[in-house]
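Asker: Submitted below is the structure of interest, expressed as structure tokens.
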Amino acid sequence: MLKFRLFNIFKYIHRNKSGYPYAYNKNSTYLFVLWTLIIHFVFLWGVLDINFHSPIIQGLPVVPGLKNAPAKRLILLVADGLRYRTFRENIPPYLKNITQYKGVWGISHTRVPTESRPGNVAIAAGLYEDPSAIFKGWKENPIDFDSVFNQSRSTWAWGSPDIIPLFTKSNKGNVYGESYPSEWQDFDRLQNDILRLDSWVFDKYLKWLEKKSYTMKHMDGIIFFLHLLGCDTIGHSHKPQSRKYIENMNYIDQRIEEIVQKTEQFFDDRSTAYIFTADHGMTDWGSHGSGSTDETETPLIAWGAGVSSTGIRYDVDQADITPLISTLIGRPIPTNNEGVLRKHYLENNDTYNAQALLNNLKQLSYQVTENRILSCGISDDFMDWRELTLNKHIWEINEYIKNGKMIEGITEAEEAIKLAKEYLYYFKQYQRNYFLMYMTFMWSGWIIFLFLKIVGIPRKKIKPSLLLLVDIIFLSSLIVLIIRYTGNSGYNLRQLSYGLFTVISLWLAEIGGTIFLLFIMFMGLTYRAALSVGMLFIVVMQKVIFNKTHNMLLWSGLALAMYPLLPIVEPYPRIYIVSISICIMIYKIALRHQLKYKKIIEIVRLIITGLVYLKLIDGRYWISWIILASAPLFIWTYTVNPKDRIEGITIGLFCPLSLLSASYEPFFFLTLAMHLLHWPLSIKDCDKTTDNILSITDFTKASFFMLYTLLCFFGTGNMASISSFDPVWTQHFITVFSPFVMSSLILFKLSIPLILIGCASHILGSRTAFLAVLFLGDCLSLPLMYYVNPYGSWLEIGSAISRFTIAITLPCILLILHYFSYPLMKFNLNQFEHLLSEKKHIV
């Protein structure tokens, strides 16, 4: 049945069958469907692979560490979620004394996304966010990476179960980690024991000093990593300007003073260095992930062996902490480090500092070489002058050091490191630009091919000489591609693969032309306010085109146009807005003409939802989940009449949506439902045609489908919440930090308005409209490809991916909604009871 329906989706032209024999060949249709699936998969995968391919290169050469390091061991303290502004305004006494008299301090500028995992990886590995991790979640790095812990002689780490396993899951056996139970990260239970997370970490280190430290007392290259989650957890629940947040910061200060005293007392060799910093900051409303100043500025304080004691402020990038750690203990810098050693944090030892900067330069130059190989090939024809320039600088710095000219060597090393950073960025972008060019031509060819299928221009009407010329050009391109990339020892198989698909796609098109672009749709995917303009335009079209339009259709359309103008992300839950929407729904149900017992059950369900939302009832353990799970049962009690069933779906899904809402989302859902309840009948009355000719009406229906679907995604701005959400949004279901469960709940919330679109498609959707959606969606996806990039916050990255993915998968989304909403529209509990009664009667 599914195969039959898919076939009929593309069977769209009945006129002039003799003139278009290729369009009605059954095998040709199946091949077209198959190629459609393949080309969409390759395009979607290719764009994501281009932008989110891991930059981590395995097997890079390791630059040996330095001898005679000033510190034998280093204690790294990372206060998760400690922002610089709060720290500066309420600086604790012990760390204040360090910044003034005993060490060096400054601001550590983090990069977006300002999350715990990328922040700690940047500190320990000098590696900024691995873009491929966007598909793996918050807790893991998808590719094993080198870090200061791997390069140390031994490392002991204590802290959060979300962070410590990052550095212990795949190591050389020299990293020992221990974490507290994940259940401790409960935003609710910690109200009574806010210091528990950090006290556990400090106590574990002190116990290590008592039991295991004697065997390591005289060893060098040792690191202790203390990850302190208290500030982050309290910041989420109480906000970073709260009294409890400052109390936790002061508690950390007291415990740091304690461990410094006991460490110095035990080792008694003045060979311990200390670094205190944070992985990210936090906004006033307790969230992080984006690029505001409060999120990207964190404190950095260094003191102890090998560290300057000038008390002067020097700001650094977060990745710069990595080479500082390696230099202080004389261990190799991690191979994928992008950080720069800042000499102002080191003691005045010009010989040691010059050698350390040279090591930093060598380590960066190895990355430049490997990225050049990946981008351009390994043959001598692709040797770049940038690499030769770095090699020249390395030779000159070595000469300065040999001749005792340390100041000159340091100066040239600092300049050469800047060049190495520029060259590294150049080669990483070089490869991406090639891929984008391939994908652009490939997708342009597919759109032209699809356009020919829609307008029905047969291949035989094109001049044979032109076809022969085009065939020769593309065949030559294939040969050139294969020769060019197979001559590079297989380093560019990804480029070759996308290049081949580009040529094949253009070969199918075999002409050039201008593709129609939907300007409002494109702008709406980038700027939400444009969707309001599009919605107003649709209201006007419905009034002009349709013979009969219900006033509620037009008024609800105008109301829908207002939502994209509202703020995207609400910093605080607007409880009164959600409560008002629940009251309106109760009033509406009270006025409905239906069975009394059903009305009472629905009103009680809404009242319980309101009590849970107002926190008068704790629904996290079973009430909220029962409300969620029982939604289909309430829907199936309504008749299968389309209008009644859509009303039942609206009422049934309203309760779980309210529990997951932070502001005006329930009002948007009610407005959309009201609009759809009156929209289908208008289309049905207007559309009197019975054939399957692809006409302007089909494109009109397709544009309606697309705009309503986009409104579901961007009308309330909830798509961005997947990348940067507040735990408060799912507080009525769960309080323990669980990214998978929280993301699943947010995704379900986003899908609720889409279910209404799927139900409406049973009345509105024609088979030809899906083909029109395919064409329009593919036209939208081409320019959106250039908005996808691996830079920015998870909010920004996720929004760009969402826009592109929605456009490229929009036809599939509509098909899935159409078929998956079938049980909600057709199944009825009364019919099931009738079948059971018949079975009992037969027995």
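Even glycines carry a Cβ here, placed using N, Cα and C.
Sharing the record's features from TrEMBL:
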- 502-793: domain 'GPI ethanolamine phosphate transferase 1 C-terminal' (DOMAIN)
- 29-48: transmembrane segment (TRANSMEM)
- 435-454: transmembrane segment (TRANSMEM)
- 466-486: transmembrane segment (TRANSMEM)
- 498-523: transmembrane segment (TRANSMEM)
- 529-546: transmembrane segment (TRANSMEM)
- 575-591: transmembrane segment (TRANSMEM)
- 621-639: transmembrane segment (TRANSMEM)
- 659-681: transmembrane segment (TRANSMEM)
- 702-722: transmembrane segment (TRANSMEM)
- 734-757: transmembrane segment (TRANSMEM)
- 769-788: transmembrane segment (TRANSMEM)
- 800-820: transmembrane segment (TRANSMEM)
Asker: Could you tell me what the rest of the chain brings near the transmembrane segment (621-639), counting residues at least six beyond its ends with Cβ under 8 Å?
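Answerer: For the transmembrane segment (621-639), the sequence-distant neighbours (Cβ-Cβ under 8 Å, at least 6 residues beyond its ends) are 598, 601-602, 605, 608-609, 612, 645, 647-649, 651-653, 655-656, 659, 732-733, 824, 827-830.
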Asker: State, in range form, which of 29-48, 435-454, 529-546, 575-591, 659-681 has the highest count of Cβ pairs under 8 Å to the transmembrane segment (769-788).
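Answerer: If we count Cβ pairs closer than 8 Å to the transmembrane segment (769-788), 435-454 scores highest.
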Asker: Checking distant contacts: for the transmembrane segment (659-681), what same-chain residues at least six beyond its ends satisfy Cβ-Cβ under 8 A?
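Answerer: Distant Cβ neighbours of the transmembrane segment (659-681) are 542, 550, 552-553, 556-557, 559-560, 563, 566, 570, 573-574, 577-578, 581-582, 584-585, 609, 612-613, 619, 624, 627-628, 642-643, 646-647, 649-650, 653, 704, 708, 711-712, 715-716, 718, 726, 728-730, 732-733, 745-746, 748-749, 752-753, 756-757, 759-760, 763-764.
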Asker: The domain 'GPI ethanolamine phosphate transferase 1 C-terminal' (502-793): mean pLDDT?
Answerer: 72
